[in-house]
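**Q** Please find one structure pasted underneath; my questions will follow.
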Amino acid sequence: MGLLVALFAIAALPFLVPLVHRGRLIPVSVVMLVTGTVFGPFFFAVDGPIQISLDRLLWAGLVCMTLIQWRLGNLQLPKLNRIDWLMLGFGLLCLIGACRGGPVPTGSSPIARWLFYIAMPLGTYAIARSVRLTVNDVRWVTLGVFWLGMYLAITGLFEIKSMYWAVFPKYINNPEAWEFFGRARGPLLNPIGNGVLMGLALAIAAVEFCRSGRQGKVLYGFASLILLAGVYATLTRSCWIGAIGAIGMMAMLQVPRWTRVLAIASVVLLAGAMSMGLKDSLMELKRDKALSAAEAAKSVELRPLLAVVAWEMFKDHPIIGHGFGHYFEHNGPYHQIRKYGLQLERVRHYQQHNTFLAVVVDSGTLGILIFMSGLLLFYTTGWQLARGLDSNPEMRMLGLLMMSAIVIYAANAMFHDLIIIPMVQMFMMFIAGLAINAREKGVVRKASLQPVYARQPLGRCASGEFLRLRSCDSALRH
């Protein structure tokens, strides 16, 4: 397999030269994200100190492509804004935390975890921030996420109905990977990550439904039903909440203010009544084939215990935390605390089931402040794009997608550590980079074929006329 990949890469080199020189970075990014979802490390990987997979090779190639285009003058790096500085600061804080401490009992490398779950998403964010966005770029993103979500939804329905002959890739059907088996876990082998991506596709379908004609409404309405069924097939309550929240937010933006207030009040009352009547059924819902309904209900009981452990760990290192990726190195003594009258030993071998608590434990107050500020600014950026008077349809689409992504992310983050779920951070940071890029530079109809700035010989401009040094330097800068 490795030899075939190498031969294919060598044969493709002549065709890659024009792609590297003039190729659009956003379509390549979409291909990389789809590959990472469908053909990620579970499909093909070379194990070593740092695991290599197809999507990681594509990501490295994308970074090289970006640097080459910048060096040739076809790409201009943006001026860093406050969100960029926050993201850079969070990445450095996590890196410093990963370098602290000794080996982790689980054998995993904190540096490798930082590389895959922090550095790669931040690199994807930086690439999305740097490109001059076009209408076609936005179409690539929306169509790519939409059809990926449709594939995940249909595959998830096949999984939950045990129609394994129709499931691809085939490793999804492996019962030896027993965790989440029997749910719509998809190629990520994780129903939470699967549900997040389907939620993003559902948000795109909702936007397209609102702005399409009669035939488009039929198409996207039918697609929305498939996506909703796929989200349900994850059998994950947080995914249901996230998808419903995103759809509800879309509806809120389309109605008058008084209707929003009435709708929110109705939803709160209805949700309260349903939760009282269906509480036992929801808590004891049988999900995994390897787990009984009673065992599934225990997952809810463990979360308060994990929260107590997180609180005790935070009190000992409140500023910068215990270090990114070092949770299992330090959590042992905290499970022996008896003052709460709780059996904290039950969660000794469990990772934190809450993204915000995981960040607090790993990176302390400083980390959670940066993390929460980033989410808030991402949502604000989406709101500005969606509601801006000068926004074109593509900018509004990116704004609504950004807002939906934050709603879906927050709903799932309260019950799971999304940072360590494959591809979730990659999609989130990619969408965030696109939204911030669109807010600052807009979305153009067609990219210029000329370089953003030309590297000319000193004292001569592109026209060939000799000009004074100051005038030419000014032209080079602009």
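Glycine too: its Cβ is placed from the backbone N, Cα and C atoms.
The transmembrane segment annotation in TrEMBL covers 57-73, 85-105, 111-128, 140-168, 188-207, 219-252, 258-278, 356-379, 399-421. As annotated by TrEMBL, domain 'O-antigen ligase-related' applies to 222-372.
Describe the structural context of these features.
**A** Outside the transmembrane segment (85-105) by six or more residues, the chain places 111, 113-114, 118-119, 122, 125, 320-326, 328-330, 362-363, 366-367, 370-371, 373-374, 377, 429 with a CB less than 8 A from a CB of the stretch.
Residues 37, 40, 42, 142, 145-150, 152-153, 156, 171-172, 177, 179-180, 220, 223-224, 227-228, 230-231, 234-236, 238-239, 242-243, 246-247, 250, 397, 400-401, 404-405, 408-409, 412, 416, 418, 421-424, 427, 431 of the same chain, all 6+ positions outside the transmembrane segment (188-207), place their C-beta atoms under 8 angstroms from a C-beta of that stretch.
With a cut-off of 8 Å between Cβ atoms, the residues of this chain six or more beyond the transmembrane segment (219-252) that come close are 146, 149-150, 152-154, 156-157, 159-160, 183-185, 191-192, 194-196, 198-199, 201-203, 205-210, 212, 260, 263-264, 267, 282, 285, 287, 400, 403-404, 407-412, 414-416.
Sequence-distant contacts of the transmembrane segment (399-421), counting only residues of its own chain at least 6 positions beyond either end whose CB sits under 8 Å from a CB of the stretch, comprise 113, 117-118, 141-142, 145, 188, 190, 192-193, 195-196, 199-200, 203-204, 207, 237-239, 241-243, 245-246, 249-250, 253, 303, 351-356, 358-359, 375, 378-379, 381-388, 391, 427-428, 431-432, 434-435, 438.
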**Q** Would you report the average pLDDT that the model assigns to the domain 'O-antigen ligase-related' (222-372)?
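**A** Across the domain 'O-antigen ligase-related' (222-372), the average pLDDT comes out at 81.
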